[in-house]
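First comes the structure, then the notes that go with it.
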Amino acid sequence: MEITNVTEYDAIAKEKLPKMVYDYYASGAEDQWTLQENRNAFARILFRPRILIDVSKIDMTTTVLGFKISMPIMVAPTAMQKMAHPEGEYATARAASAAGTIMTLSSWATSSVEEVASTGPGIRFFQLYVYKNRKVVEQLVRRAEKAGFKAIALTVDTPRLGRRESDIKNRFTLPPNLTLKNFEGLDLGKMDEANDSGLASYVAGQIDRTLSWKDVQWLQTITSMPILVKGVLTGEDARIAIQAGAAGIIVSNHGARQLDYVPATISALEEVVKATQGRVPVFLDGGVRRGTDVFKALALGASGIFIGRPVVFSLAAEGEAGVRKVLQMLRDEFELTMALSGCRSLSEITRNHIITEWETPRHLPKL
């Protein structure tokens, strides 16, 4: 059966993967309310398309931190991709590069920064978890920079791991043939069997709960790479992030895997965008499954979006070809949405192209 949309890969991945692995990728925290809401919130935003505009030529290109990419659709960091497919992060890196977009490599990848760099050219960002041992962090950041990575996406919503009940039930741990490659040789690459989630125990032992804004400033003293703060959901924190020297903000609720009952990222986006007042770019991570979702995020002020689960599910289903197809489908759908909305370039996508259900007609532009 031909795959015609991104969501169809979910069921294929579920069929193919061991339960422990699929559940790790698919699940959210606790009641999984935010997991559902990340999708549902998109459905409450409708279009106000403009007609009779010449849309014979559509330009989706954009720049992110000065790097030109083919479309505002990028690959989010997702951990342990070799659990999904033997080629793991290698396949994802090649697919993102072929699509002319950015891949973000997870700290907890099953391929190292050097291995991913060896796949060939491409613009890559590195997602960072701050370990208690700062020497380890420094070493890792320097390795990423040396391997040609262009930015750090600092995850700030994980002083502790969220409660993911399927991981507890499944006693989740990294399969024995795999390691967290970036930490191999540091005795930090293995995850032990635990009485609950092996990952939760690993985080409790290794990740620094004292992480604060001063550490965002410290990071800037050890690297010249720009820092994106990933995990911002409020205007207050957006303003502090800018003061702390962030080059950009990723509105993210960690795929609804951390604190349940936070808003969907698409719902939190506008507050964050308004708080930044255009001083730094704001990106959206979470819940994007359609080209229409990409358009809605840009209409609400995002400079681009990141996709996570669609990447691991398509990787599980079809390897590199699956990830390529996901990126292509989203690109094609987004281009079509632009055309049918009367937008020829990203700069033409405005707040007036959408209506949110919480708006009454008085919010709309004067005729």
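Sequential numbering from 1, following the chain as shown.
Using the three backbone atoms N, Cα and C, a Cβ is placed for every residue, glycine included.
TrEMBL has this to say about the protein:
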type: DOMAIN; residues: 1-359; note: domain 'FMN hydroxy acid dehydrogenase'
type: BINDING; residues: Y24, Y129, R164, H254, R257; note: glyoxylate binding site
type: BINDING; residues: 77-79, S106, Q127, T155, K230, S252, 285-289, 308-309; note: FMN binding site
type: ACT_SITE; residues: H254; note: active site, proton acceptor
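Locations of recorded TrEMBL features on the structure.
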| residue | record | Cβ contacts under 8 Å, 6 or more apart |
| --- | --- | --- |
| Y24 | glyoxylate binding site | M80, M83, R164, S166, D167, N170, F172, L199 |
| P77 | FMN binding site | T104, L105, S106, S107, F125, Q127, A153, T155, G308 |
| Y129 | glyoxylate binding site | S107, W108, T155, T158, I207 |
| K230 | FMN binding site | Q127, A153, L154, T155, V156, D157, I250, S252, D285 |
| H254 | glyoxylate binding site | T155, D157, T158, G162, G231 |
| R257 | glyoxylate binding site | S27, G28, A29, G162, R164 |
| G287 | FMN binding site | N38, R39, A41, F42, A264, T265, I266, D293 |
| R289 | FMN binding site | N5, V6, T7, R39, P310 |
Span of Y24, Y129, R164, H254, R257 as binders of glyoxylate, largest Cα separation rounded to whole Å, comes out at 19
Using all protein chains in view, find how many other C-beta atoms are within 10 Å of the C-beta of R164 (glyoxylate binding site). 25
State the count of C-beta atoms found within 10 angstroms of the C-beta of R309 (FMN binding site), not counting that atom itself. 23
A correct count of other C-beta atoms within 10 Å of the C-beta of A79 (FMN binding site) gives 20
Suppose we draw a 10 Å sphere around the Cβ of D285 (FMN binding site). How many other Cβ atoms does it contain, all chains included? 27
Other than its own, how many Cβ atoms are within 10 Å of the Cβ belonging to Q127 (FMN binding site)? 23
For the domain 'FMN hydroxy acid dehydrogenase' (1-359), the mean pLDDT of the predicted model: 96
